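Q: I'd like to ask some things about the structure below.
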């Protein structure tokens, strides 16, 4: 009886800590994305100014004022804009290479030791890469603007944005059953950041070109203490449904079990209704409503190479056996490819419609308002009225969302002024639920088939990295190739996005996507 009370109180403590972990994941995502989206307009203008200064230093030095400042309207010539576009594209490509190299090793690390070390590596490298770009542009008399391309080197060991997203999402996914709602909350946090960040960034940019960074870096650095507060790795496994979770708690209590260790969780021969999980080194079995604690189990020692090889084989088997996994990877690849259009949207609007970077930055807030309404109101309401089968409602919403993405990018491409662009941006934003729904579908499949979520999300991060790599290359080439044309031709990058969305719409509407 005393042992049962002890284990029950311990499980209740784990439930509370799991709720804390979810809140911390939300906080981490908020501060990093707020810093990231606040940075979007200031960093574009800073790099544009640095390129502009180098351009006029040999052509018309009289345009360079005190402190190396050049009027923004003088920086809109095609040669300067093309170089700026390619600098950002190459910076993204190098970040994606670091993501690609780091993703699987970091996924294995997160599976073995928990997400906290991976988060710390990732966030530190990311912030240092931002600081390097500012240093290069500030000390322009020492560094060439091309030195900004060394910034991705700081993310070699910890990965870049896709590792960040994958590790935060996988950590949150392991503490809840209602993953679509959880992912919607996380996406809503991102959209809140996209709503507030551009307003802050554009407003501070009007005060001075370096002023925004006095806000950006302190906010980003908050991610470090928040990460240090995360619970121990034993609480970060994917959790099944013991009796506790079937009552009131959304938190689940089973750590990830490696495929070669499944025999450790085999049924007790004396009871066909008993299941075992390990919580913080202690094996706990559930038989009906009873909780029984056992002594610590010592896992079989294997070399790191053998562990990684076993995980790689398991990942390959998962990819081959589950069509929904293959579809979700393709869906995330295409949507990430399409999202690269947002990276050129700021420069595209500023150049095509002759507005300042700071003014163009406010467009992101319009998009964020729509997306925030989508994630906090429309998606939850739609799932509620579609019934209790969340997987089926996710499929229906995914089919609608991919159509909106294709339609929205097409409308952006044909827009002839900034007011005509806004409706297309709104339609496009209403389709932003698609990657959330794709993640939910693949996570439901993982839950139903005992697939380790950290390993699965490492694969999703690779798919996103490949999509970003292709998108950055193709869309930047389309943008720089049509930048001087004007009219509908200048919208070709967005028509390219619409084409790829159309491709993924085919399996979205024709495949059986049930878990």
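The backbone N, Cα and C atoms fix where each Cβ goes, glycine too.
TrEMBL labels come from automatic prediction, so no person has curated them.
Take a look at what TrEMBL says about it:
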TRANSMEM  20-38  transmembrane segment
TRANSMEM  118-143  transmembrane segment
TRANSMEM  149-169  transmembrane segment
TRANSMEM  181-207  transmembrane segment
TRANSMEM  327-346  transmembrane segment
TRANSMEM  358-379  transmembrane segment
TRANSMEM  400-419  transmembrane segment
TRANSMEM  425-442  transmembrane segment
TRANSMEM  454-480  transmembrane segment
TRANSMEM  486-506  transmembrane segment
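Have a look at these and tell me how they're positioned relative to everything else.
A: Sequence-distant neighbours of the transmembrane segment (20-38) (same chain, 6+ residues past either end, Cβ-Cβ under 8 Å): 119, 123, 126, 161, 164, 168, 171-172, 175-176, 182, 185-186, 189-190, 192-194, 196-198, 200-201, 204, 212, 215-217, 219-220, 222-223, 226-227, 229-231, 235-236, 364.
Within the same chain, residues 25, 28-29, 32, 36, 87, 90-91, 94-99, 101-103, 106-107, 110, 115, 118-126, 128-130, 132-133, 136, 183, 186, 336, 439, 457-458, 460-461, 464-465, 468 sit at least 6 positions outside the transmembrane segment (149-169) and bring their C-beta atoms closer than 8 Å to a C-beta of that stretch.
Residues 37, 40-41, 45, 180, 184-185, 187-188, 191-199, 201-203, 205-206, 342, 345-346, 349-350, 397, 418, 421-422, 425-426, 428-430, 432-433, 436 of the same chain, all 6+ positions outside the transmembrane segment (358-379), place their C-beta atoms under 8 angstroms from a C-beta of that stretch.
With a cut-off of 8 Å between Cβ atoms, the residues of this chain six or more beyond the transmembrane segment (425-442) that come close are 169, 179-180, 183-184, 187, 191, 324-325, 327-329, 331-332, 335-336, 363, 366-368, 370-371, 374-375, 378-379, 390-391, 394-395, 397-398, 401-409, 411-412, 456, 460, 513, 515.
Away from its own ends, the transmembrane segment (454-480) comes close to residues 81-82, 85-86, 88-89, 92-93, 96-97, 99-100, 103-104, 106-108, 110-111, 115, 159, 162-163, 165-167, 169-170, 173-174, 256, 311, 314-315, 318-319, 325, 328-330, 332-341, 343-344, 347-348, 439, 442-443, 446, 492-493, 496-497 of its chain (Cβ-Cβ under 8 Å, at least six residues beyond either end).
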